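*Asks:* Straight from Swiss-Prot, here's the annotation block:
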BINDING   8, 11, 91, 137, 140  CTP binding site
BINDING   8, 11, 91, 137, 140  ATP binding site
BINDING   21, 23  Mg(2+) binding site
DOMAIN    225-326  domain 'HD'
């Protein structure tokens, strides 16, 4: 019985990165051997055990065989006769198919160290094509490390998409990988790689449809709506924004793909036109509520947020109410963060100031100075409870108006 550190722990060690989770593979053992040594079985689908002291995962070396479409269509064979190299061969990428023995020696039968040094993501074997999740994983690793995907691997990924493997992906797995990719250092790279292999058209056709749609050069020197979306997403990442904010950045301009060709490169109403596509993506991916709600909010209101200097006080109050800013100020603030990414996610506009954010927050704070509780009590005391909402609005407008006048005159 021999144990080896495998996968991501070896990869990150060689990259000089912190090793977060350590996974082990056991060669020359079976389930009875593991149980006899005090290991606790935890794997439902595979023979995986927890170490009795460290509680790290130890898996028996295994081989896999494709039995049906999709990521779950596999059977496996785990026994004492399965070698380390056979176990490593079933893994997705060469950089993930390395092991380290107890003496610190690296076992690298497929050139993972070479590809790490070159910044290349390359599939280990044709078996890569048996699991469609690997399309997403390869794109996600590109986003994490900034690596390029080998041309032969991109070609294989294209074939997988053409063969319908991406169609077999369930929403939960797509969201899981997408969410991880969005939180990587370079999420733009993930979307680019998915587009290059054709998977974006299958998984996020609403985003894919943005590429090639022109915008006004005076507002968007990058011209292409898809490129702007990538730049906005990357700016959100560079700002250190949260997953809901990055997801909203990815979907904020879906309405531009709905613009009638005869009015291009203008996009009147793309904020409103984008709401339905955003909802469709949310439903298809089963996006978490916080992500889904923020994406829809940003899509619908980002143009109004940008144009605050042109708005009347009554319109501002209406926006604050419709966006639920009084009850959910934190969400309102995150929406404005995405608007910064939208403004700066343009060619040579990375450092464009965005005073609108501070002004919107100041307007909200001013409107909150109106004592709604006191107003409600006074109305009830006068037998005019039906005037409560109207009186609160008047008090809020009285706070908003001078602030807005000063901002517009600045």
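The backbone N, Cα and C atoms fix where each Cβ goes, and this holds for glycine too.
Give me the structural setting of these features: burial, nearby parts and distances.
*Replies:* Of all the Cβ atoms in the protein chains shown, 19 others lie within 10 Å of the Cβ of residue 137 (CTP binding site).
For the recorded site, residue 137 (CTP binding site), the DSSP three-state label reads helix.
Within the same chain, the residues at least 6 positions away from residue 21 (Mg(2+) binding site) whose Cβ sits under 8 Å from its Cβ are 8, 9, listed in sequence order. Annotation note: residue 21 (Mg(2+) binding site) sits in a coil segment as assigned by DSSP.
Computed over the domain 'HD' (225-326), the whole-number mean pLDDT of the model equals 97.
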*Asks:* Which residues, same chain and not among 8, 11, 91, 137, 140, have a CB within 8 angstroms of the centroid of the CB atoms at the recorded ATP site?
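*Replies:* Sorted by sequence, the hits are 7, 92, 93, 95, 96, 141.
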*Asks:* Most Cβ neighbours within 10 Å: which of the binding-site residues 11, 91, 140 is it?
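*Replies:* Top count of Cβ atoms within 10 Å goes to 140.
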*Asks:* About how far apart, in whole Å, are the alpha carbons (Cα) of residue 23 (Mg(2+) binding site) and residue 137 (CTP binding site)?
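*Replies:* Given the Cα positions, residue 23 (Mg(2+) binding site) is 18 Å from residue 137 (CTP binding site).
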*Asks:* Would you give the longest CA-CA distance, in whole angstrom, between residues of 8, 11, 91, 137, 140, the set recorded as binding ATP?
*Replies:* 16
